[in-house]
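What follows is a short report on a single structure.
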Amino acid sequence: MSDIPTGDPSSDPFASLDKERAQANAANPPPAPFASNPNSWGPYGGNPLAKMRTEEGVSRLPAFGGEFQPGLYTPQTKFANPAPLGLCGFALTTFLLSLVNLGTRGLAAPNIVVGPAYAYGGLIQLLAGMWEMAVGNTFGATALTSYGGFWISLGITFTPGGFGIIEAYGGQTAEFANAFGLYLIGWFIFTFVIWLCTLRSTVAFCSLLLTVWLTFLMLGIGYINNTAGAPDEALVRAGGAFGIIAAFLAWYNAFAGFADSSNSFFVVPVFHFPWSAKRREERRLSSIADAEKNA
């Protein structure tokens, strides 16, 4: 029972009832044999359970279906920061796909990306987005959950012999390249929209989403500008280069999120914009301190 908060006894609706019963017992002591017993249960008909109270001091709340809460609310719990986990999932999967787009070591088929797209970039990033909802971060929940869905959908598209998406277009045809290019353009639009919300944050975070939407844009145009189903190699390689930068920026932001004095000998700067809320607050506090010094 030690894990249950005691709360404020004055807010307990049962406190006044117990006080009234205690005063009544003092004015009219219970009859024998209970009078000689200081722990008498006489007023409760000899039933100890009638006196038993659990969760002492916690207000009883009626069930309310509108909040899907049938009883007492649990004490508020502090959650860890889920953003670094989601960023790491995004970084690794983006890194692998970008190496394929660059043709590193003769890589051409994206099959190696399917596993991480389902598990790390997909499921883990999706869960990180859900946990962002739990901590009340709407932007983080929207971004991480969406990119988790992106990686899962990409894995579905390129699963060999699984869903038959590429086969439905007759293979790597011009029709598939155009369709896939439009798919990537859609993700470019989404990323550009959420990137606008980072212009008041930090250089590191803003640069991350800048390179992500440039990656989608280059790849999307590259697939649309295809030749008999073969995407434009120069644009795909450009998308791969931006993707590599995006991957390392995602790892950088993740490190900035979980590295502190308790686990690292150093922390990395994220470079707040001069017009960001943090910098404005620092300037305000600095001006107050200067005014007090000169007073």
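Using N, Cα and C of the backbone, Cβ positions are placed for all residues, glycine too.
TrEMBL labels come from automatic prediction, so no person has curated them.
Looking up the ranges 148-169, 258-279 in TrEMBL, the one annotated as transmembrane segment turns out to be 148-169. Put simply, of 79-100, 107-128, 176-196, 202-222, 234-252, the stretch with the most CB pairs closer than 8 A to the transmembrane segment (148-169) is 107-128.
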